[in-house]
Amino acid sequence: MNILKLITIRDDTYNGHATTRWFNPDIAPLPPSRRTWTALNYLSFWGVAIITLGMYGSYLGILIRIILAVVAYAIQAWLGGLCVVCILSSWSYSFFTMVNTLPESAHMVTRDFVGFVIFHVISVPFMFIRPENARNPVAVANAITFLVMMALCIWATSRGGVGPLIHKGGGYTMMSRSWAWLYGISSSVGGVISGVLNQSDFTRFAHKQGVQVVGNIFSLLVLGTIIPIFSILTASATVNIYGGDPYWNPLTIVMQWMTDNYTPGSRAAAFFCSLGLLISQLAENIYGNAYSGGIDLSGLFPKYINIRRGCFLCALLSWAVQPWLVFNSASVFVATMSAFTVFLVPLVGIMLTDYFIIRKQRIELSQLYTSDPDGAYWFHYGFNWRAILVWIVCFAPGIPGMINSINPTIQVGSGMTNYFRGNYIYSFIGSVLFYTILMKAFPPKRIGVQDDYDVYGTYTEYVAEVKGMVPFKAPVIDGQETPIEGEELSAYKVRNPRYVRHEHDLISPGPTSSYVL
């Protein structure tokens, strides 16, 4: 009991709400003071899942997201470890030529394992940085990554031209070419589907609504096109430079530099390229994977896990993935990432439909943190059977094709294979249509209702008034600010005064609790 008491997350000192099995400060809608990014979505995925799947049904989506975050963290950490290996190899020839002491059954060498461990250690200090303070470091990491990838492409094409891959035909018939295009789309979506579902984890830190749109469009459509082109040109050029198969991993090129010529010039080039890629991996893995996994773990166990603790747990769980088995095969890696689309794309379609079409962007924030059977998101015993049914119906047909893509020795029908190749289109459209029909035919209660009072201090006074809410009043601390009392609510015609804090409900002032370890 004492241990549980010791690790219990402290109550929210900003809005006066106590930590419960449903609520802690890290999964609450953020106040304006913590929204420092140039984008907005006040809720994390945890909150969006509750709105769609129900209080208990949300655990299904959260568990899948946690698995995705752990797997992605493991794979990116392994790549980050290889960056460390390249850096240390540029410093020390003895490390570069380290003798492998691991058995062949380990499917990795000692040198790579050392890099993997060091990357995990390097990552720990960065997990102490609050997400709202990570905007500038991430922007710098993105710029460095772009320069490194461009430099590698310029070097490769200047040495080997554009290479044979650009002109190599695939030998496809018209029909097989069409399915290959669809599979390419699904594979591409598989690579970013985690980021799509993670959007609300990041846009919640934005200072106002909608400003994330331009950045997302530029990142996905412009940089998301340029960087893959750099990669394809570089890999294609390596066929002419080194012969044999193309080098798809930039770190393989870096190691080849030092293998061919261990001179100061080669070592310096290897060091700076590897350092740039290491910075990229740290930013991607901590703020793209560990943070998302942390907030989902916080949603599962809000009383005992906050974002920081969740980040640490995500890193620990990543060891069980054994990423060296996945990363050693590019085809397995692509197939694995594509497999995620089978389960996640229907969720994206359901959530978008629920928020924009069914609820018309109006939600009751106060109902996200209660197990009251009369709550807006309790549905049927805590489960929204409509969303769960649509999700199963839309992902089930893609499973046979997914299994075949991961293990081609398992044969399935061509129809199942083709469905999997185009599952992004089929399951997304299907989830939107089926969910809309079910929600219209069997509507749950309180659709399109929002709070009358800004319970968590989410909005500025101006925005709250525009939304028709009573603005939030902070707790009394050092004689400053007072909560709204019941009689004041009457003047605002508030329907749910039970949600408003009174002075005897306030907690004592203390340090900000969100990142207390």
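Quick reminder: no glycine exception, Cβ is built from N, Cα and C everywhere.
TrEMBL entries are annotated by machine, without manual review.
Taken from TrEMBL, the feature transmembrane segment covers 39-59 (among others).
What TrEMBL lists as transmembrane segment is 66-93 (among others).
Here TrEMBL flags 113-129 (among others) as transmembrane segment. Tertiary neighbourhood of the transmembrane segment (113-129): same-chain residues 77-78, 80-85, 88, 98, 102, 106, 137, 278, 281-282, 285-286, 290, 308, 311-312, 315, 324, 515, selected by CB-CB distance under 8 Å and a gap of 6+ residues from either end.
The transmembrane segment annotation in TrEMBL covers 138-158 (among others).
As annotated by TrEMBL, transmembrane segment applies to 178-197 (among others).
Counting same-chain residues at least six beyond the ends of the transmembrane segment (217-242), those with a Cβ under 8 angstroms from any Cβ of the stretch are 142, 146, 149-150, 152-153, 156-157, 159-166, 192, 248, 250, 253, 256. Taken from TrEMBL, the feature transmembrane segment applies to 217-242 (among others).
Annotation source TrEMBL lists transmembrane segment at 332-357 (among others).
The transmembrane segment annotation in TrEMBL covers 378-399 (among others).
Packing against the transmembrane segment (419-438) from elsewhere in the chain are residues 179-180, 182-183, 185-186, 189, 341-342, 345-350, 352-354, 357-358, 386-387, 389-391, 393-395, 397-398, 400-402, 404-405: each is 6 or more residues past its ends and has a CB under 8 Å from a CB in it. Look at TrEMBL and you will find 419-438 (among others) tagged as transmembrane segment.
Panel annotation: around the transmembrane segment (138-158), residues 223, 227, 230-231, 233-234, 237-238, 241, 250, 253, 272-273, 276-277, 279-280, 282-284, 287 of the same chain, lying at least six beyond its termini, place a Cβ under 8 Å from a Cβ of the stretch. Here the transmembrane segment (378-399) has Cβ contacts under 8 Å with residues 52-57, 60, 341-343, 345-347, 349-350, 354, 371-372, 416, 419-420, 423, 426-427, 430-431, 434-435, 438-439, 442, 444 of the same chain, all six or more residues outside its ends.
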